[in-house]
Amino acid sequence: MADGPSTSQPANGNNGANEPEPVKKNKPKATRLRQQKLPAWQPILTASTVIPAIFAIGIIFLPIGIALYLASDGVYEYDFKYTDCNITEGPDKDKIASDVLTENLKNNKNSTIICVLVLKLDKDITGDIFFYYGLDNFYQNHRRYVKSRSDAQLAGDYKSVGDCAPYAYGDDNGVKKPIAPCGAVANSMFNDTFTLSGPNGPVTFSKEGIVWNVDKEKKFKNPSTPKETVLKETVKPPNWRTDIYGLEGGFENVDFIIWMRTAALPNFRKLYRKLNTTDKLYNGVLKAGTYNLKINYNYPVKSFNGEKRFIISTTSWAGAKNSFLGIAYLVVGVFCIVLGVVFLIIHLKFGYSLTELSNVR
Amino acid sequence: MSESTFCDPLTMHELLGKPNALSQSLMSVGSLPKSTGTFAAPPTAVAEKMSSIFDRCCCALRRRKKPKETERRLKANDRPYNEQYRYTDNYIKTSKYNMFSFVPKNLFEQFQRLANAYFIFLMILQLIPQISSLTPLTTILPLIAVLAVTAGKDAIDDLCVPWISSVPWETTALPLFFVLACTALKDGWDDLLIPWVSSIAWYSTAIPLFFVLFVSAVKDGYDDIQRHRSDNQVNNRISYVVRDGKLEEEKWMNVKVGDIIRMENDHFVAADLMLLSTSEPHGLCYVETAELDGETNLKARQALPETAEMGDSLEQIGKFRAEVTCESPNNNLNRFEGRMVTAGQTLPIDNEKMLLRGCILRNTRWCYGLVIFAGRDTKLMMNSGKTKFKRTSLDRFLNVLIMGIVLFLLSMCLICSILCGVWEYTTGKEFQGYLKWDDTIVPGPPGEKGFKQIVVIAFLMFFSYVILLNTVVPISLYVSVEIIRFMHSWWINWDEKMYYAKGDVASRARTTTLNEELGQVQYIFSDKTGTLTQNIMTFNKCSINGHSYGDVTDELGNVLEIDERMKPLDFSFNPLYEPKFTFYDENLLKDVKRGNKEVSEFWRLLALCHTVMPDRKNGQLVYQAQSPDEEALTSAARNFGFVFKSRTPRSITIEVNGEEETYELLCILDFNNVRKRMSVILKDSEGHIKLYCKGADTMILARLSTDSSERLHAITNAHLDKFATEGLRTLCLAVKPITDKYWEKWQKRQQDASVALENRQDLLDAIYEEIETDMTLIGATAIEDKLQDGVPETIANLAAANIKIWVLTGDKQETAINIGYSCRLLTENMREVFVVDGEQKAEVEVQLKDIKRRLDRANGSNGRPGAPQVMIASIQTDNGVNGTSVVGANNDQLGDDGEPTEGYALVINGPSLHHALSPALERTFLDIGCACQAVVCCRVTPLQKAMVVDLVKRNKKAVTLSVGDGANDVSMIKTAHIGVGISGQEGMQAVLASDYSIGQFRYLERLLLVHGRWSYFRMSKFLRYFFYKNFAFTLAHFWYAFFCGYSAQTVYDPVFIACYNLFFTSLPVLILGMFDQDVDDAYSMRFPKLYIPGQYNLFFNMRIFIYSVLHGLVSSLVLFFIPYGTMHLGYNYAGLDMNDYSLLAFTVFSSLVVIVTIQIALDTSYWTVFNHICIWGSLIFYFSLTLVYYEALPFSWVNGSQSAANYGVAFRAMASPHYWLSMLLTAVVLLLPVVANRFFWQDTQPSYSDRLRVRQQRPREMPKKGPTTDLPMRPFSRKTTSRRSRRGSLRSGYAFSHQQGFGELITKGKLFPNLGILLPSTGSAPGALGKGASSSHAKKSLSPIREQPPGFIAAAAAALPGIQLATGNLFASTESIESGSLPSVDHIEHF
């Protein structure tokens, strides 16, 4: 291309008619791609496609909305806070549990705090019944908190502490040893326990099927090393009263697994137990009546304005009692139908037909 | 990046011109130059070199302290004297770096790229583990891509453009993408799978970074070595310096001011020299100045007689002593002022005595010159200013936007940081039981944690959020923009419709960075010669004795269009005919053969009355004319059998029908701008004396004898009008018999006048005037200045696209106006054509203000030049909110058929322009120019061209484009936003300086209206989507901040964050940016109004940007809160809790990917197979990746990464209705309004392109209105209009490119070197020379020149163009421009 002027082409010659055609080595190839002439679909928004589509969306959304709303409406949910429950047993009887716990922590005193709450169910609860504990204003999704765990350790590599800092290593008589399970998440494991008794006697809880399969099967594994070795080479998390094997199942303990699945938002619920349907006393139905919930109150949340809840709930095909989706679908559905009508009017009164559109100079 | 600080065209030309230049220069660097080897032993040479380098360094140091030079003084042959001034030596430097400055300078340059610097900063932040909220991977992947692509592209731009055209694009593009992909994959692999620990990450970040920087540096270094080599090559050229009466070889760089050097034929001039003596008579020498101003013609330079005497005598020259005082170095090529004191005489030196660096000596065996300016001070170097790194307005706008986004980002971070402080104070401090503050980060005595620690935490959190939210500043934007621009360049290169078959020239995008700006051009500055016209004159029509010849008519007398099919007349009966001469009207030939008296007289006049020199080339008679017009006329006469064969100073010989006729040439009454005519007085063999005159019609018609036929007069006048309307240049011919007595009397007075010391020219003019009266009209001629193909159509179409065209030409005013009409730049429909031709500043000021006043009055009382403002208003009201519909169909500013119905035009002259460009007047000039449809600037210098372009560029927010083909256009090509070079015959300078090169002017239309428009359209769409996509993506983090304790927790899986811009969403929008089109190319050309939105930036501006950002913001809000509402405290039918982090993250991210993909699907208006693959492919890829990554991979592979918590989330989510229902809801909530909005505007207020798009797809349903309404533009033809043209006053077109002073050269024999030698060299008084010439003529009576040795004839011929150009139009020095017409606003009323 950059030949000097001396060797320039026999360009633009007005006498070039009789000369042999010059070699056209620079001629671009005439492929459809290079000439930007690829066959293409060129959609246009027309009244005949857009308006029916809007109606169609409305017609689809309305029944979905109704179904979701009904599903959510049919769920029974019993939710109450017990953060400030009154202690019913022991020396601190009738004191507020959270205060006593705060006091105990300050004085490094270790006493059991027990609240017994009376629940009144005004109707029979049928179907699968689940018991949840809920925490409010608990930042399980704080970045440093979320990060502070070692999935490798939980899956069996008990010495791997990953990103567990500042709960990675503990001091065992002057020897630095990895914490097992390490990290802020494990260290802060929820440790209130609940028992429920009702008109027919104690309600039996079941731990079957309350964790996701993937957690049980892949993520949480006890080390293949004997328990004693593990215990010898590690230390327990500082907040724990027991070591990992003090929990039933060790690393595969269901409460531990559930706790370790960090919540997305500062208010969350975690499945505690479900009603044992094979239990003869209740036959999978909680009859209306008065129940006593005995809470082993260990977990402090008061200092950062946290709340603790206990929830009894059934489920529908759409899960929990949550009318958000149902209402949203209904609103959008109605909006679509209104919009469709408005557009139909606009189009008929002010719109251009395709023929009008294409008549342009 | 590879901008050269100085750009010596000489160097460039040589390097590019010779493929072997590189290897040669290698040799000359590596070993010693052969010529030096003869007298210098290698070690000495090296030592010399070293010392000279050292000297130069010292010089450079000293130079800084040197005061500004106001006047230059030097003495010839006196080095010690000249040393004291420390003038710049002849060393030139175009390279940027040296060994020591390379690393810091290059790094500095690399980090000057805002994006790179920002990126590095982010990466450093991420290396601090306490802050890092993302893995460095998320930043590194895009960074590698950015740097790699940019470097690759730069490399291709800078290094490979010359050869890339011959290599299939795949070979360069594929490896590029391959490398890119490999790098990305490898790093991704490392980072995904090797658990991230900060120590490792530091290296894994630094190594690619250093690698990239290193590669860029190597590339820059390589470029610079090239420059060093070419510098070396130039600096080491040999010149011959006169020292102590001997010639010494010296390298160019060692030539000093005050040296006298000897030059030989075909040598480059080494520095700016004052000519001392030459091998040719009268101290003449000829130079080619193509490197300087683009003219390939030769120019003559003449030494002072006092110095020319020295001849070749080395002894004399060695002893020559003179003191020169002259102007300081400057960049004015046309002017030089100085004086020389030698032997007690003070002699003036002007430009005619100067040889400038960059010229080539031609047709001169040798010459001697005194070095006046050297090296950087030479006019060449002063003129070739910095090669500016061009950026598009979009680039600059993007920088502004990015600054804005960064501010937005910082304010978001500040908010988060403050809120974080608040949160830590209220909650976090107490939450320490579960999450303690790290003592190492939060210093302070243990147990005393409070306010101070919170401030530290909040402060750190600020940076964490900077990292987390940095994706609002779209780093991958730059990569993508580069890739898209690269592709757009290939579209241009590949366009077969912009391929010029005759010259085998394809269009080339020489830079890849300016494409979208092609869609926004508002002003085109065009060169004329070679760009609009072919610079070929053809004899087209004539009128003889009231008969008009030239039109071909059918039987009924209708004029037929002359086209390719028509057979030209056969002139083969004439042995001296020229095959390329074409004429179609056989009547003329018949009349010639019939021996019609008037016709014979007509041709005889054309064969005799001119200043053409005959020459022989390969045995063929050829003419060397000083203007192409004159050549065309003489050549026409030749073909019709009146062959001009030879001339001497005193005779002219022609051959008529095989018989020679010799006329004694008594006098040439030369042309000048006032007379606008020339005459010859001849005595035929029978002793009859006749005056033949040709000239502008106004001049001739006023000097006809009173008893001549009124009717003939009227008819000829009508013919002249007809010719002028057709855009032809006209000329009137007249004859007058003269009696011997009268002649003798007149001659005496003429002799007296010609030796008068005062007012010689005026006296001569008066005497000429006396004899040129009472003439008899013979006829008129019409010459066509051939336009390039398709120029009028292109100009009309560009005008319809609201592009203003300014023609900047070195031609004279008349020529320029004439061409303006013939290429439809100026039209009959124009309301007024203003002419500014004042000489003095005051005149120009009056003229400009007068025009301004008229314009203001015409545009109503507001005093604003109307058209553009009205246009903006009408567009904006039609503009849909969604930003896609733009121009209303009812924009009637332009006429129905795409041609301006009214408007103004401005014609301004070079000297006037000089004043108009002064700071006081430039504003007025600009206002007028911009209010006019067309502007023609005549007689402008290359620098003025650049100044005009710069004026518009500085003051108007408009994109300017310069188009030209010659080296004289280089300055304006470099100045304009976009420079387009036409690969013409005038060498490659324009093309080398240009950003785009095309084969013909007409391709400009396609380049702008199709490629430019598409580029802008695509780029705008791309950017709109890109900002939307990034805001939608990033702001979710901000919303999430309110729920995660302002801890900079991500909403999405970090791995997906890294992939989002790179894999999930990049390809569809890239493909859109490459392929999308609203209407096809044919429609783009047919409806030029489609171009207008680009000029007003309607597709991408602040409003659209804010709209995109808001769209993204709302999207992110909906994207986050719908899953939030769905998942809040949720569990599935089996009671398993579903309010965990990974499920929310996955749902939000999936919705995001799905929605932005559907959004791009909605935005895509041209679905090629690639769009389908990429859009559906992106979705498929995303979902398969999630399945593989979250489900198929063994857990042990991911359990070290932050994604471990998310493992298994895909099946969990997909099995639940929450996931799908929230996604569907989000999609409808976000996309339905977009569709509805678009549909609403399209349905009720469709834009121009909307309508055309519909029309394009429904061709069969078109209302059949006939093809004429279909075409926006009638095919242009030069129609003959019956009404009297108001251009009557413009048709005075005599010899537009003619110069004065040629007749004198002929009659005094200066162009006949042989005569010069015969003469005694008594001196140079013109009178004496004239006498000598006549005496020699008396001895060798009427010796025809063809008997002279061919060498002399060649030399004489070569002198012709040289002298023509010595005062030539491009070197339009102010002195040489005649003060012709009266300075007044020469407007032409429309009636």
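First residue shown is number 1, and so on along the chain.
Glycine is treated like the rest: Cβ placed from N, Cα and C.
As written in TrEMBL, here are the features:
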type     : residues                                                                                                                                   : note
ACT_SITE : B:Asp527                                                                                                                                   : active site, 4-aspartylphosphate intermediate
BINDING  : B:Asp527, B:Lys528, B:Thr529, B:Glu630, B:Phe671, B:Lys694, B:Arg729, B:Thr809, B:Gly810, B:Asp811, B:Arg939, B:Lys945, B:Asn968, B:Asp969 : ATP binding site
COMPBIAS : B:1251-1264                                                                                                                                : compositional bias 'Basic and acidic residues'
COMPBIAS : B:1276-1289                                                                                                                                : compositional bias 'Basic residues'
DOMAIN   : B:75-140                                                                                                                                   : domain 'P-type ATPase N-terminal'
TRANSMEM : B:200-218                                                                                                                                  : transmembrane segment
TRANSMEM : B:397-425                                                                                                                                  : transmembrane segment
TRANSMEM : B:454-479                                                                                                                                  : transmembrane segment
TRANSMEM : B:1022-1043                                                                                                                                : transmembrane segment
TRANSMEM : B:1055-1075                                                                                                                                : transmembrane segment
TRANSMEM : B:1096-1122                                                                                                                                : transmembrane segment
TRANSMEM : B:1142-1162                                                                                                                                : transmembrane segment
TRANSMEM : B:1169-1190                                                                                                                                : transmembrane segment
TRANSMEM : B:1219-1241                                                                                                                                : transmembrane segment
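TrEMBL feature annotations superimposed on the structure.
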residue: B:Asp527; record: active site, 4-aspartylphosphate intermediate; DSSP (3 states): coil
residue: B:Phe671; record: ATP binding site; DSSP (3 states): coil
residue: B:Arg729; record: ATP binding site; DSSP (3 states): strand
residue: B:Gly810; record: ATP binding site; DSSP (3 states): coil
residue: B:Arg939; record: ATP binding site; DSSP (3 states): coil
residue: B:Asn968; record: ATP binding site; DSSP (3 states): helix
The record names B:Asp527, B:Lys528, B:Thr529, B:Glu630, B:Phe671, B:Lys694, B:Arg729, B:Thr809, B:Gly810, B:Asp811, B:Arg939, B:Lys945, B:Asn968, B:Asp969 as the residues that bind ATP; what is their largest Cα to Cα distance in Å? 34
Run through the Cβ atoms and count how many others sit within 10 Å of the one on B:Thr529 (ATP binding site). 27
Using Cβ atoms only, state whether the transmembrane segment (B:397-425) and the transmembrane segment (B:1219-1241) have three or more pairs under 8 Å that are 6 or more apart in sequence. no
Neighbour count (Cβ, 10 Å) for B:Arg729 (ATP binding site): 26
Give the sequence-ordered list of residues that share a chain with B:Asp527 (active site, 4-aspartylphosphate intermediate), lie 6 or more positions from it, and have CB atoms under 8 Å from its CB. B:Val807, B:Leu808, B:Thr809, B:Lys945, B:Val963, B:Gly964, B:Asp965, B:Gly966, B:Asn968, B:Asp969, B:Met972
Under 8 Å, at least three CB pairs between the transmembrane segment (B:1022-1043) and the transmembrane segment (B:1142-1162) (pairs 6 or more apart)? yes
Among the ranges B:454-479, B:1096-1122, B:1169-1190, the one whose Cβ pairs under 8 Å to the transmembrane segment (B:1219-1241) are most numerous: B:1096-1122
Ten-angstrom check, please: count other Cβ atoms within 10 Å of the Cβ of B:Arg939 (ATP binding site), all chains counted. 26
Across all the protein chains here, work out how many other Cβ atoms are within 10 Å of the Cβ of B:Phe671 (ATP binding site). 25
Arithmetic mean of per-residue pLDDT over the domain 'P-type ATPase N-terminal' (B:75-140): 69
Row B:Gly810 (ATP binding site), column other C-beta within 10 angstroms, all chains, value 29
